[in-house]
Amino acid sequence: MWKQIGGREAGQIRPNSFSNRVKSNRVSSLQLSNYKDIVSPHRGAVNSLQVDLTEGRYLLSGASDASVAVYDVQRATDYEGGGLIAKHKSIVVVDKQHEQGHKYAVSSAIWYPIDTGLFITGSYDHYVKVWDTNSTQVVMNFKMPGKVYRTAMSSLATSHMLIAAGTEDVQVRLCDIASGAFAHTLSGHRDGIMTVEWSTSSEWVLVTGGCDGAIRFWDIRRAGCFRVLDQSQSQLGRRPPLLERSALNKVSMSKSSSVGQNLSAKLRPQQRKSTNGNGIKQSPIGRIPAKASARQRLHPGMLSGQDRATAHYGAVTGLKITDDGMYLLSAGSDSRIRLWDVQSGCNTLVNFETARLQTSKAIQIATSQDPALVFVPCMTAVKAFDVWSGKTRMAFRGHYEYVNCCWFSSQDQELYTGGSDRKILVWSPSRLISDESDGESMKDQDNWSD
């Protein structure tokens, strides 16, 4: 660590590189926190977790006992063990006893993206509710046609205030907070929608995963989905870096232009000769059959062959788009994890190591900021896989029953997990430094001081 600090002071390491190295070291040392404890008020399985996106301070949880709770993860409410263990009790709780509370399990609880004054819950009682955090009162109700599995709001949106809701119905419904009504519905899935996720690069693009095994991309400004992922369409490995791609594009463009010039020189005399009876020239484009051009004009999501494509052999139970918006991670009831290239829509064929996943309910997966790691609930544990190689880097075991959700806080490099044992566990970077590393760091410090 001291060596890296010295390199940063000397200007040998760039600020971003230094920050990424420190964060990477902290993530690699994650362990069950021995100084922070979340006191859960839930009496049922914890189904959803999210830390607010504005301050990174308030943790929101939803559980199967129809309760929702808010915790301040930066300011403890109590201390134990001589002040060594910080206890974080809930500062807001809404349960069945609340006059406007949910009647059945809360499957999804999310923050309003730009303000902690509102949060949204979805429940098996067929309702999506918008809550005022300060008064703990419902400010808006949306009645759904079935159980609500997942809700999502875009963190980029400046032109709309839409809540995407995935339910046991075949249609995705968009609820407009501004008007208090449904904006419109998205039709295409053949079974219930288990998970929904907004793009991190466009406020108009929504990704949904259904019980029919399909993953669909939607542009909410137009009818029909514009992409259906097919596990049989693949490309090997990750996309090359931007600089390499630009160089390759220049080379390919120069080659194609030279070939095009040669072809155009050969075709010029032929084009002069090819005329119809009226003496009007006919271009080669004019000879393309009408059927082919009509097929090209069809919406990709509407083609019958692509419309039946599947991304998993079974229900799609989890989706997560990387922070740069270039890749999509999906989990399915077939116990498969797949990495997709968003631009091409291809399966990258990353072979994630064998993991048993839940099949009966949606799971919440998370990624680190790089994104170097993806955290996936695997039965009673959470496994951290390398995104690009698929190898298991870490396994977090602490829950006594199935883990349903996890959330990675990029601000503190902490992982929060919730399970059917009603517990919320915190996994924090280690505060302990071994004597050996202390000695090495002191040597490095002496060297830099010399």
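Including glycine, each Cβ sits where the backbone N, Cα and C put it.
These come from TrEMBL:
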type	residues	note
REPEAT	39-74	repeat 'WD'
REPEAT	99-141	repeat 'WD'
REPEAT	186-228	repeat 'WD'
REGION	253-287	region 'Disordered'
COMPBIAS	253-264	compositional bias 'Polar residues'
COMPBIAS	272-281	compositional bias 'Polar residues'
REPEAT	309-350	repeat 'WD'
REPEAT	396-428	repeat 'WD'
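Listed as Cβ neighbours of the repeat 'WD' (396-428) (distance under 8 Å, sequence separation of 6 or more from its ends, same chain) are residues 23, 26-27, 30-33, 35-38, 40, 42-51, 56, 59, 61, 63, 73, 358, 361, 363-369, 375-384.
In terms of DSSP helix, strand and coil, the repeat 'WD' (39-74) has 0 helix, 18 strand, 18 coil.
Counting residues 6+ beyond its ends, the repeat 'WD' (186-228) has Cβ neighbours under 8 Å at 146, 149-160, 162, 164-174, 299-302, 306-307, 309-326, 328, 330, 332, 340, 342, 345, 362 in the same chain. Non-local neighbours of the repeat 'WD' (309-350) in the same chain are 191, 194-202, 207-215, 217, 227-239, 356-359, 361-367, 369, 371, 374, 376, 385, 387-390; each lies 6+ residues outside the stretch with a CB under 8 Å from one of its CB atoms.
Long-range Cβ contacts of the repeat 'WD' (39-74) within its own chain (Cβ-Cβ under 8 Å, at least 6 residues beyond either end) map to 87-96, 101-111, 113-116, 119, 121, 123, 125, 131, 133, 155, 361, 364, 401-402, 404-407, 409-412, 414, 416-424, 426. With DSSP states grouped into helix (H, G, I), strand (E, B) and coil, the repeat 'WD' (99-141) comes out at 0 helix, 23 strand, 20 coil.
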